[in-house]
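J.: Handing you a structure now.
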Amino acid sequence: MPNAKAHSWAEIRLTDIAYNIAQLRRCIGDDTLFMAVVKADGYGHGAYRVAQTAIDAGARWLGVAIAEEGAELRDKGIDAPILVLGGIMPYEAEEVVASGLCQTVFSLDVAKALSDASVKQGKSADVHIKVDTGMGRVGVRPGLELEQLIEGLVGLPGINITGMFTHFAESDACDKSFTKYQMSLFVQAINQAKAMNVGPLILHAANSAAVIDYTDAHFNMVRGGISIYGYYPSNEINNPQKIDLKPALSWKARVVYVKDVPAGTPISYGRTFTTQRSSKIATISAGYADGYRRQLSNKGCVLIRGNRAPVIGRVCMDQFMVDVTDIPGVVTGDEVVLIGRQGNETITADELAELCDTISYEILTSIGPRVPRIYV
């Protein structure tokens, strides 16, 4: 049931997340570890509840973007291994070590800070080396950069090199030529680490797309991100025959006002829409401050009484309007589906993303904090 005080709310089906993880684990070997990526508050689904569900569904590791996300999970009692996938500043090393997080490293200044924090706290710090094979973001390149980093890490007290990984730039494309190139560089890095007597290591490269579509990249751990929430990484990897995924989130709001207007009535800021007939207009209790994108102005649809109602005029900060002229019986208080299913109609984050020229990831993670998450 929705929060009685909520103007809009998101319903999260944890059973669907567990189902998606089970589907993904069917794609990997029995000895391959599964990391559930719960960064950005679990892609907008709620990191803590997703983490609990993922662990129960067989995930052995969790991935977060920043140290604060990992520390919050620890504070709530999550004791599974957590990898901070992004870089940290040296002053964050104390929190990483205190929270028992595994830290991605690609620079010695952070590694030295982790070492100092480990010695100070009487603990050790596990680290995974990030190798840049073509993403151009963070990480050292195979060869001299990797050699220098490993040499520096080996000499630091309290530092345990337990893993190495890379990230693919376009594994969600059908053409795997660049992904194969990145793979070749990662294998080069693996062999280089072995030659320097580093290991055994947890090795991971596969994101959601590669978990589904590129088994050569599975190594001994894979990372499931967008897919555990029920979305395919791209249209090119959208293959329900190969793997069935269930979107776990529905986003709902209410009709807060209904009025009849004559033809020629302008709607919302800038008068970008004018009624062409006598119309019934419903005002919806959500807006761009909640994450319902302004790009959906005059383009999006919502579901009311099992029917599509087009968004008319500009989406406002806290409200927007839809045309319900052709939907009989709409009244104040009616449930409105922004993302999800109602009757025989469905609106997905992919549909909204296409209208906004973006991706489902951005739609889901943009649903704001004043939208309570209800677990059903």
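Each residue, glycine too, has its Cβ placed from N, Cα and C.
Sharing the feature lines straight out of TrEMBL:
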- Lys39: active site, proton acceptor (ACT_SITE)
- Lys39: N6-(pyridoxal phosphate)lysine (MOD_RES)
- Arg137, Met317: substrate binding site (BINDING)
- 248-376: domain 'Alanine racemase C-terminal' (DOMAIN)
- Tyr269: active site, proton acceptor (ACT_SITE)
J.: Which one of these recorded positions, Lys39, Arg137, has the sparsest Cβ neighbourhood, judged by other Cβ atoms within 10 angstroms?
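T.: Looking at the recorded positions Lys39, Arg137, the Cβ with the fewest others within 10 Å is that of Arg137.
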J.: Measuring Cα to Cα, tell me the gap between Met317 (substrate binding site) and Lys39 (active site, proton acceptor) in whole angstrom.
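T.: Lys39 (active site, proton acceptor) has its Cα 26 Å from the Cα of Met317 (substrate binding site).
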J.: Quick one: give me the count of other CB atoms within 10 A of the CB of Tyr269 (active site, proton acceptor).
T.: 12
J.: Tell me, how many other CB atoms lie within 10 A of the CB of Met317 (substrate binding site), whichever protein chain they belong to?
T.: 11
J.: Give me the Cα-Cα distance between Arg137 (substrate binding site) and Tyr269 (active site, proton acceptor), rounded to a whole Å.
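T.: Pair distance, Cα basis, whole Å: 40 Å.
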J.: To the nearest whole angstrom, state the Cα distance for the pair Tyr269 (active site, proton acceptor) and Lys39 (active site, proton acceptor).
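T.: Their Cα atoms are separated by 35 Å.
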J.: Where DSSP helix means H, G or I and strand means E or B, what are the helix, strand and coil counts for the domain 'Alanine racemase C-terminal' (248-376)?
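T.: Grouping H, G, I as helix and E, B as strand yields 23 helix, 51 strand, 55 coil.
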J.: In this predicted model, what is the average pLDDT of the domain 'Alanine racemase C-terminal' (248-376)?
T.: 98
